[in-house]
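Read through the structure below, which is laid out as structure tokens, and then see the notes.
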Amino acid sequence: SLFTVLILTLLVLLTVATFLWNLLVLATILRVKAFHRVPHNLVASTAVSDVLVAALVMPLSLVKELSAGRRWRLGRELCLVWVCFDVLCCTASIWNVTAIALDRYWSVTRQLQYTLLARRRISKVMIALTWLLSAAISLAPLLGWGETYSPEQERCQLSQDPSYTIVSTGGAFYLPLCVVLFVYWKIYKASKFRMGGRRRNAVVPLPEAAQVKEASQEPQMVFTARRAAITFQTDGETWREQKEKKAALMVGILIGVFVLCWIPFFITELISPLCSCNIPPVWKSIFLWLGYSNSFFNPLIYTAFNKNYNNAFKNLFVKQK
């Protein structure tokens, strides 16, 4: 039908756009030396996971969607490879978003302790832990923890073993979900605290020819303000406050899109094996591709809030011409 052709066309465009956009981000980070530092290394790790989703996972998922009854007709070996890369790349993408949120949280709340050197070391540790945890979750079915391929039904899906379902969904989504929600709440709370503190510490200019009277109990310094021409406080925000506010907004949008894209899929993945519920395949496909779309939105979000990326994109194309 025309509707089916339209949907498949949109899925193909989503796959191609996800691949090209993340590849552009990676190429920019590699070419620009100013991006060879934190937090751009976390952005690069996210782009690697997202470009792998577009290159290795989404095309085979599209082939599955094109088959009659969404059956898997590519064999057991390719099924295992597809499921392994699906879990690996998607879990890494989710944890990379979590790492970006944590980096922003520490840079806002621990400015003195979270130095450039500490930030570099911690970011490397977070990237390593992200990929190790993702590899452990994805390789578990290959080692015998549940079955992903059913030759009789020609079905290729994530392991439906209840114990693996709880561990995998918890480690791949629910744990990072709790982390990012807690982190954003702390970032928002810290930002509101600073704004409130700035307002309480505001210096109000004295009117012309106003004088501070001497206290009767103790000798105090007396100041006389003849003109209110110089003040220490303005109604506008400082440069650092504007930067932190913009970063908090970026993290908030990044987390919000991440939750909206992945929560329907992981709810169904957790409930289905535990209650033996038969969820219609079409809804499973919708929730799965909604989760894949998060790999498309990630680079759009963190480049839209950074003008340096936009300038680097322009310079990259100009040099290529």
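Placement of Cβ uses the backbone N, Cα and C atoms for every residue, glycine included.
The annotation domain 'G-protein coupled receptors family 1 profile' is assigned in TrEMBL to 21-302. Summarising the annotation, TrEMBL assigns transmembrane segment to 6-30, 42-60, 80-102, 122-144, 164-185, 247-267, 287-305.
Contact counts against the transmembrane segment (80-102), taken as Cβ pairs under 8 Å, peak for 122-144 among the stretches 42-60, 122-144, 164-185, 247-267. Counting residues 6+ beyond its ends, the transmembrane segment (42-60) has Cβ neighbours under 8 Å at 11, 14-16, 18-19, 22-23, 25-26, 29, 35, 74, 78, 82, 85-86, 88-90, 92-93, 96-97, 99-100, 103, 123, 126-127, 130-131, 292, 295-296, 298-299, 302 in the same chain. Tertiary neighbourhood of the transmembrane segment (122-144): same-chain residues 38-39, 41-42, 45, 80, 83-89, 91-92, 95-96, 98-99, 102-103, 106, 114, 158-159, 164, 167-168, 171-172, selected by CB-CB distance under 8 Å and a gap of 6+ residues from either end.
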